[in-house]
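Marked as carbamoyl phosphate binding site by Swiss-Prot: S47, T48, R49, T50, Q74, R98, H125, P126, C127, Q128, C260, L261, R288. Positions annotated as L-ornithine binding site by Swiss-Prot, on the basis of sequence analysis: N156, D220, S224, M225.
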Amino acid sequence: MSNLLSVCDIKDEVLDILELAKNFKEGKMEEKPLAGKSLAMIFQKSSTRTRVSFDVGMYQLGGQALFLSSSELQMGRGEPIPDTAKVLSRFVDGIMIRAIEHDDVVELAKYSDVPVISGLTNLEHPCQALADMLTIQEHLGKLEGKKLCFVGDGNNVCNSLLLMAPLVGMDMSVACPEGYEPNEDIVNMAKKLAEEHNKEITISSDLKVALDNVDVVYTDVWVSMGDEKEAEQRQKDFAPYQVNSNLMSLANDGAIFMHCLPAIRGQEVSGEVIDGPQSVVFDEAENRLHAQKAVLYHFLK
């Protein structure tokens, strides 16, 4: 039995899952392949895209999704994670969890007898990265040979993109202020994968260096859930990294803009960019549904 806790868990299947997602989007798959299957969805953090896309995805696949807020579960009152995992495994065919701590998801998967899918942790967001690659493929025609630059905080989304880019044939750079680099272990793993696939990973505080020959400019909020106490300092540190028309001009002609949403216009991105012709953020949001249907099919079928 396999789980999706990290991009590394699907490093040999990424392209197959993306092909599945494309087929689901184009209506080429069998109808209701997960009829009679159920998915428990545990949420420790609030969500719009993750909750709706998994819920609708299971419905469209013929199965049922059960929304479980951690505050409503005994887990929220101190029941050990292993006990929760063992009990849920007796009732459902899979567990999706959106958690605060990555270690909690690892522990849940360790004791679960059914596949566990990460809907986001403080370390990674693999389903988002799959949706992102599907979106890039649609808009640029291919992934191989393209380059993505993540601008801003080296967060969970950035971590998953770093791991996935070389697997699909892309180079990747990260433009961030010093002190906000992505997780060191993730960067080392990404560089190892890049070496294996003859690709490049670059981390730089210099925008011109990071945005050289870039086809995709990607950003995310400067203040993630849990970082609110640092908000004022973060806004100062990230101000030069706002994705606006000047920054976009450093990328290639025809470059697209991406953001996993929710976005704060006037902070990490200007309104003219996110609402402009280069922005593909709502296609990207929609593709969460198709990518996750592929994930559910892959792990629960």
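Yeah, the Cβs are placed from backbone N, Cα and C, and that goes for glycine too.
Annotated pair S224 (L-ornithine binding site) and S47 (carbamoyl phosphate binding site), C-alpha to C-alpha distance, rounded: 13 Å.
Remark: N156 (L-ornithine binding site) has L120, T121, N122, L123, E124, H125, S224 as non-local neighbours, by Cβ distance under 8 Å and separation of at least 6 in sequence. DSSP assigns S47 (carbamoyl phosphate binding site) to coil in the three-state reduction, placing it in neither a helix nor a strand. There are 26 other Cβ atoms within 10 Å of the Cβ belonging to R288 (carbamoyl phosphate binding site).
Secondary structure from DSSP puts S224 (L-ornithine binding site) in coil. Cα of D220 (L-ornithine binding site) to Cα of R49 (carbamoyl phosphate binding site): a distance of 15 Å. The two recorded residues, M225 (L-ornithine binding site) and C260 (carbamoyl phosphate binding site), have Cα atoms 14 Å apart.
With a cut-off of 8 Å between CB atoms and residues at least 6 apart in sequence, the same chain places R98, G119, L120 near S47 (carbamoyl phosphate binding site), listed in sequence order. Put simply, the two farthest-apart Cα atoms among N156, D220, S224, M225, the recorded binders of L-ornithine, are 12 Å from each other. C260 (carbamoyl phosphate binding site) falls within neither a helix nor a strand when secondary structure is assigned with DSSP, and so counts as coil. Cβ neighbours of Q74 (carbamoyl phosphate binding site) (same chain, under 8 Å, six or more residues apart in sequence): T84.
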